[in-house]
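Have a look at the structure below before the remarks.
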C-alpha cells in the first residue's frame, strides 16, 4: 500500500491511499487525521464492480471511467472501529444491491483479530482493505498473484522472514543446489525425483515430508504432474523458494495448504498443514490436537460458516505473530546501536599495554582461583626443594645421584596431594563453611570438584616422576655400583642385590605397583568419556563405563590409602619412625573424610522420608515428591544425595532440589542418563498406575492417607549440600539459565523468589495493621525474619536482595515442559509485580521465519490470545523457537540494569559454559553492568 501526504501551511491537508489489485482499483480520500487523532473521520473509497454482478452492469453505465464501473463507499473511521456511512454508485445514487448490503454489514463489524493492527489511520484503511477483499472473494473470481507491490508496507517487513529454508539448511544458494542436483541426478539422466527434492535444496532428513509437500505445491502451480523435474524446472522452483517478496512467500504457503488448487482453504486442508508443521518440528502434542486447532482457526477466520477461508484471511492470521517479531527485531536493533560503541572490538596498538590489560582483566575475574593455586603450587615447590636439598646431603646421593632427590621430592608432593585431595569432597564441611563463615568471599568453593581434578593430575605427575626415577635410575645404579661405593648403603638395603627383581618383590615395590594400578583404574574410569558412558564395550565389558563404574572404582582408594601408609612406613633409607611423615599428612584429612561418611550414614538413617508422589514424565524424567524431615533446612539451588536400596544399597547420587524452602515437601527430578537412573526409573515405574482414559499420559502414583497405597521402594536422602546457585540472593538481578534437566536448581529458585515476594507483601500488610510477621510469611520465607530484624549469619547470604530475575530454559523436546508445568503456571500467576521474566525455548522447532514453523507461530499467538496458554509448553509462559541469542540476552540486561551486579547461574551441558562465561566477561569489561558467572558442578 502506498501512502502519500501533501502538507502545506496554508491549505487544508488531505490523505490518500491507493491499492491496485489486478484490474481492481481501490482509492481512498478524505481529511488527514493523523495517527494521533482521536476523533476519527470519514473516508471515501471507490471500488471496481465485477462485471458479473448486477450493479456492475446496471449502475455502471453512467459511472464508467476508463471502461470500469465503480461504487463509492464512505466510511466513518474511529479509534477502534470502522462504520459504513454510505454506499453509492459513482454517479451518486444509493445502492440497494444485496451483495453491497452484505459488504456494508461486514464493514461495520469490529475486527477482533485485527484489533492489534489498528493503530493509526493508515492501518485502519488496511483493515478495511482486507475486509473488502474477503467479501469480494465471494464472487469466486480468480485471485491474481504477484501484481501488487508491498515492499514499503509494514506487512512486507513482517513477512519478509517467512523463509522456506532455514539459515542452516539453505544458505548456500543456487550454486550449491545445482552442484547437489548434478550429484543426485548423475545416475538418473538429469531428472530429480520428488523424494530427493529436499536433499537437493539443502533441507535435512527430518524435513523430508515437508519438502515433499513443498515440491507438490510448486509443481501444482506449474501444472507439473510428474514425480521428477529437470534442472530448468528446479531453477524455477528455487527462484520461488528463495524469493524474498511478500506475495511470493504468501502464495507459496497458500499453495501448500490449498492442495486441491481451488483457491480456497478447507478445514481438512488446515488440519493437514498443522499436522505437517507439527511433525516437522517434532511437536507430538500439537499433532495429536490438530483437529482442535484447525477448528479454532476456522472459527476465527470463517465466522459465517462458509466452510472455507481465502488467502486474505490467511494473510490476516500471518500478520499477527510476525508483527510482534518486527517489534522485537526493532528492539534488538536499538540495543545493538546503543551498545555498538562500547562492545566494538578495538585493537590496542601497543602489545605491552594490550597484554597488561588482558592480564589485569584475568586477575580481576579469577583472583580467588589464582591465590589458591599459587599457594598450593608454592607449598609443593617448598616441599620438593626441601626434600631435594635434604637427600642431596645424604650418603645415598653419592650412589644414586640426583635421581634419589627427584624421587623423594616428588614423593613429598604426593603425600601432600593425597591428603588435600580429600578436602574438596568433604561436602558437609564445605557447606558449613559457605553458610556460616565469610570464607566464601575469598575461597572459590564452587570450584571444589575442579580443584579435586587438578590435584589428581598433580598426583599422577608426582607418581610418574617418583616411579620412573626409582625404576630407571636409582635401582639400576644400586645394582651396578662398586662394592666400595655400595658399602654405605648396606645399612639401608643390606647386602647388594643381585637382580632387579629384588626391589620389585619387596614391600615397597609391591605396594607401589598395586597403588599405581588401582590409581590408573580409578583415574581412567573417572574421565568424562567413561563416566558419562561415551565409550561403549561389548558384553560383558559394557559395565566398565557409566556412573556405577566410576563410583565403585573411586572406592578403591580405601585400599590405596592403606597401601600408602604401609608404603610410607617401609622406607629403605629413612629408619627413624618420626621422620616417616606419610601418616602425619594423612591423619587429619582421613579422619575428617571418615567422619563425613559416618555422618552421612547416620543422618540418612534418622531422617527417614516417605514417598508422597511419583510421576514419570516424557523425556525419561522421574519426579519424586518426598516428605520433609523435621528440622530439614535448605536453600534454593542446593542439592542432596539420594539412595535407593532396591537399586543399589551402597550408591548415592546427587540431584538438585526442585522444591522451594517454603514448601512442605522435598522434590527431585531425575533424568535417565545412566545405568543407576535407568534402574531407578524401572523400579518406580512398576508401582505407578497407567493413566486412565482421557487423563494425562503420565505414569504416576500418589500416597493417600488411610487408603491402599502403592508399595514404594525405600529411599534415603543425605544433605543438603552447598552449590553455586544458592548464592543468588546476594544479587539484585539474576540471570538463570537451565539446559534440559539443568533447569532443576533454577526451578527451585523461581519458586523461592515468588514465595519471598509473597512473604514480603504479607509482611508489609501485617506491619501496616500493627501485627507481627504472619505465620504464612514465615513459612514462605524462613529468612524474612532475619531480614526484618537486620540480623543475618556471618556469611551475610540469608537476606533476600533479588528484585529482578530472568529465567531461560532451553530444551530439545516439547514434552520436557511437562516436568515443571505446575511450577511455571504458579510463578506466572503469583508474580504480580513482574519480578520474574521467564523464557522457554524449544530447539526442536525451526527458527522464527522458517515456513516449517510459520503455522506453529500463528497457532501459538492465536491460542495464547484466546486462552492465555502456550500451545508448545502448555503453560502461561510463551515459548520461543530455536536457540536463544545469548549476546542479545546479555545486551538487554546490561541496558536495563546499568551499574548493577548481575549473578549469572548456569546448569547444563558443558558446551554452553564457555559461551555464557565469555559473554559475562565481555559485557563486564565493556559496560557498567558486572556479570558474575557461576556454573553448577556435581
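Using the three backbone atoms N, Cα and C, a Cβ is placed for every residue, glycine included.
In Swiss-Prot, residue 361 shares a side of the membrane with residue 604. Checked against Swiss-Prot, the range among 61-87, 88-114, 115-141, 142-168 recorded as coiled coil is 115-141. Considering other CB atoms within 10 Å as the measure, the emptiest surroundings among the binding-site residues 258, 262, 269 are those of 262. Its Cβ taken as reference, residue 264 (Ca(2+) binding site) is surrounded by 19 other Cβ atoms within 10 Å in the chains shown. For the topological domain 'Cytoplasmic' (424-454), DSSP puts the residue distribution at 25 helix, 0 strand, 6 coil. Residue counts for the topological domain 'Cytoplasmic' (531-545) by DSSP state, with H, G and I taken as helix and E and B as strand, are 5 helix, 0 strand, 10 coil. Within its own chain, the topological domain 'Cytoplasmic' (531-545) is flanked in space by residues 525, 673-675, which lie at least six positions past its ends and keep a Cβ under 8 Å from the stretch.
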